[in-house]
Each structure stands twice: as C-alpha cells, then as structure tokens.
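Following: one structure in structure tokens, then a few remarks.
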Amino acid sequence: MVRWLYSTNAKDIGTLYLIFAVFAAMIGTAFSVLIRMELAAPGVQYLNGDHQLYNVIITAHAFVMIFFMVMPAMVGGFGNYLVPVMIGAPDMAFPRLNNISFWLLPPSLILLLASAFVEQGAGTGWTVYPPLSGLQSHSGGSVDLAIFSLHLSGISSMLGAMNFITTVLNMRNPGMTLHKLPLFVWAIFVTAILLLLSLPVLAGKFVPALNLAVCWELFSSVFSKIIDVKDDQQVTYESYNFIWNLNDCAPELSISHMSSLLFFGSYLAGLIEGDGTIVVPKQERSAKGKRNYPSVQIVFQLKDFPLCQIVQKLIGHGTISKKKQAAAYILTINNIQGLIELSNLINGKIRGPKYYQFVLLVEYLNKKCPNLNLKPAGFNKTPLGFDSWLSGFIEADGSFQVRTSLSSKYPRLSLSFELVQSRITHYGFTMFTIMQEIAIFLETNVNEIRSERKNPQYRLRTSSLKTNKNIRDYLVKYPLKGTKYLDFKDWCKVLSYFEQGTHMDNTARIVEIKSQMNQRRTVYNWDHLQ
C-alpha cells in the first residue's frame, strides 16, 4: 500500500493511471448506457421525464469520459510507460510531480460524484458558467463542487503536461534529435503543449484561488483540534509535519539505505579508486595567472545519474556535469568545505596508489585551514570481506558476463565476473597489489592483458562455480547501488541455473536474460534504492 501511495516510478504511476482510467470508464459507460436507453426511442423512456437528471447524466458522462478516462489512460498511462523508454530516459523529469499529478485525480472524481448528491446535481453541460450555473438554475452547491473538480483535474493535467514537455526536451538519449523522435513521443509532446495552453481556463483562473482559500480555512478548522493548536496560535505548514514525513532528497529516491557513514565511506573510497581522480595542484597559480584548485572527480555512467545525485546529496557538496565526448557524468567536488567532508568520509578507507594523492590533498587542506588538524589514517587494512570498499570498486569497473555459443553442434554457456584496471604507475606503485588482494579473496587469478599496447591492463576473472558464488555472497552482504545491481540480479538468476545443473535445459531463458544485461539493457528499475 505504501509503495503505491508514495511511488515516483514512471511505470508505477502509469499503472495507477490505467487502473484509475478503467474504473472511470466503467462509470462513464454506465452513464453512456443510460443516455442511449433514453434516446433509443421517441418520448420519455426511463427517466420519467426528469430533464434535470438527464442533464446531470450528460454532464457527468462528458467529464468522466474526457478527464478521468481518455486523458489519464492515453497520456498518463501509456505516456508514462512508453515515453521514457522511447527516448532512453530512466524516468520522468520530475518523478515526485508525477506522483502529485495522479493523486489529484481521485479527489477530483470524488468531488464530481459528490456534486450529484447536492440538490439535484450539476446539469450545466460543458458551460459551467452563468447563467446555467447561477442561483436561478442551481441554487445549491452542486456546481461549486463540479467546478472544484474541474480545477483539480485541470491542475493535474497541467502538471503532467509540464512534466512530459520537460522530459522530452531534456532527457533524450545523446544523438536523439527532435526529428528522430518516435511519432508517439511527438503525439504526447504536442498534446502536452496544447493542454498547457488550454487548461488554465479550467485550472488557472481567480476562482481556484478562492476555492483554495476556503479549502485551507476548512483544513485549519478540522486539524486544529488534532494537533492541539490554541486559539491565539497561528496555524502553519510546520504544524502538520507529524502527519507527513517529507524526505527532502535531491534525487527522487530514498537514501536511507546508504546513510551509514561506515558503509558509505568505504563504498565511496572504492568508487574513487575505481573510476575517480584526486587532483592537487603543485602551484597555486598557473603560468597565465589563473588560480589552481584541488578537486576530486568521480565518473558515473550515463544511466547511473540517480546514483550520482545520491552520492552528491550524501557528501553535501559537488556539481554534476556531462563528460565531453563520452556517455558519462562527472561529480566534481572542488570547494574547501566539500573536500573536508569528503576527506573525513574516505580517510583510512583507501587501499591503493590514490592514497598518496589523498595525502597531498590533506596537506593542502591543513595549509588552507590551520585549525583543521586532519591527519591521514593510513591504508585500509580491513579484510575485503568486512567492508564495502570492493562494492564501490566493482560499481566503477566491474562487469557481469553471460556468454552463449549456440550455433555449433555443442552449445556452450559460461558465466563470469570481470574486473579490469590499467597498469598505469602512481608514485612507483601499480594496481597489481590491489588486484591480487581481490583475486585472493575471490579465489581466482590476475592476468596481464594488452601488454604489447600503450595501455596494458590487469584483468581478474571468475569463471568457476565456486568463485562466482564468492562474488555473489559478498555482493549480497554489501550490495551495489547503481545499474550494475540490475545486471548482478540477472547474473545471479543464471548462476542459480548453473548451481542446480539445469543451465542447458534453460538455454532459451538464459539467452533472454543476457539480451537485457549491460549495455543492452533498455528497462531500468530503481526499486532497490527505494
């Protein structure tokens, strides 16, 4: 229940839109049947000559079918499902706004249905304005409820339209220009623009402001007793914080699972050693007179943008930029306070050659802040199986492989995990010592590859059932946080077939799993970060 109420995932919201549209369609169909029964023959048929009731049915049928069936299903349902997939986006541009857009619709439908129980109902048709909505035609509050219903559904559609427009304009895959967009995305995009231009008629006038003012007055009077507000005390939004626990985080994801500083510090150190740089300038100013600043940069794959936001939020500092000529984002921390926070997080948790760059960074920070008194805590000597350093290192450079060779007479299936590191020397050290330590932990070997090229590398590969189980057991204890977690889950499914000895019987299923792994993945689910 909590998941469906608070979910910001586009597929979840799309599912809710479709369920809501089906429910509204049944109500609208009932109205449609009544209208057709009444019009099936000349004269009075089933409504006993009650023309106001007929007008109410006509009005309700129009509102329900358009605002609660067609638009939620066609735009909200199929749009949320297909638009992110078709443009290569992980989600909508504003996931929390997506949640609000949907949950404005149920109260809107309730208000419309409630209008039928006040007086004789709102029988104005589309002209919900005077004289039909005046006191002579409708002396009660039925039209007010219908108008408020239109305001809510209108603002819901406006928020959704803004979300779709922003998503299509800003979250397309690199290289997907507007003329390459699928026609369905164009249809949603143009529809959203038309909605944004037309719906202020229903949702953006002065009347909604009055309605909201009245609503807030009622809200205050109802909840004042609950929160024990005295007569002379002003009721503010802070008074209701006990009702809603608002998790104000930068990405549209929960970060409670990474809030442990011990876990996050080791994970972050592994992430930096795997695909990060620590830059400390030798001179305060360049030859051209420009000031040089130290910085720490962490590289994330394009599809790991939510993880990049989470790391930025947990550090509390940093800027995210697109890496030029590469499908990646860079998180850069270059302000003094941010570097101090980062240094405290990873101090004593670095295992490889980047430790010497970290020492230079600490010296620079102590020089800039004499009262800091930050001291390097040395290399991380904790056994690999007892902290999350390796998890961050794998997040940066690990890959889960499923290989299939089915064209020959004897088909072959293999499962492996790989870690590759450059042999570049840092301060007289290479990554071989670290790679060898990981290999011993996983009970495998390290090989040197591309030795004849300019960029020789060390490669660690697990290929036996035992070594694959070792890496699985570790990552269950210290889970990955990015999209590699999705590859790991699929990889574990294939590993279970190998454990049971049924991998040859499930060849088709393994090929299907392989088709969605690594760079071929088209569907991303961030539920593991909820």
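Using the three backbone atoms N, Cα and C, a Cβ is placed for every residue, glycine included.
As annotated by Swiss-Prot, region 'COX1 exons 1 to 4 encoded' applies to 1-204.
This prediction places the mean pLDDT of the region 'COX1 intron 4 encoded' (205-530) at 76. Per Swiss-Prot, region 'COX1 intron 4 encoded' is recorded for 205-530.
Positions annotated as transmembrane segment by Swiss-Prot, on the basis of sequence analysis: 15-35 (among others).
Per Swiss-Prot, transmembrane segment is recorded for 56-76 (among others), and the stated evidence type is sequence analysis.
Residues of the same chain lying 6 or more positions beyond the ends of the transmembrane segment (99-119) and with a Cβ under 8 Å from any Cβ of it are 5-8, 13, 16-17, 20, 24, 56, 60, 63-64, 67-68, 72, 76, 138-146, 148-150, 152-153, 155-157, 159-160, 163. Residues or ranges marked as transmembrane segment by Swiss-Prot on the basis of sequence analysis: 99-119 (among others).
Note on the transmembrane segment (145-165): residues 59, 63, 67-68, 71, 75-76, 79, 83, 92-94, 97-98, 100-102, 104-105, 107-109, 111-112, 114-115, 118, 122, 124, 128, 133, 188-189, 191-193, 195-196, 199-204, 207-208, 211 of its chain, located 6 or more positions outside it, place their CB under 8 angstroms from a CB of the stretch. Positions annotated as transmembrane segment by Swiss-Prot, on the basis of sequence analysis: 145-165 (among others).
Residues annotated as transmembrane segment in Swiss-Prot: 183-203 (among others). Long-range contacts of the transmembrane segment (183-203) within the same chain, counting only residues at least 6 positions beyond its ends with a Cβ under 8 Å from a Cβ of the stretch, are 75, 78-79, 82-83, 86-87, 150-155, 157-158, 160-162, 164-165, 168.
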Self-check item: Within-chain partners of the transmembrane segment (56-76) [C-beta distance under 8 Å, separation at least 6 from its ends]
Solution: 13-14, 17-18, 20-22, 24-25, 27-28, 31-32, 34-35, 101-102, 105, 108-109, 112, 116, 120-126, 146, 149-150, 153, 157, 160, 164, 188, 191-192, 195
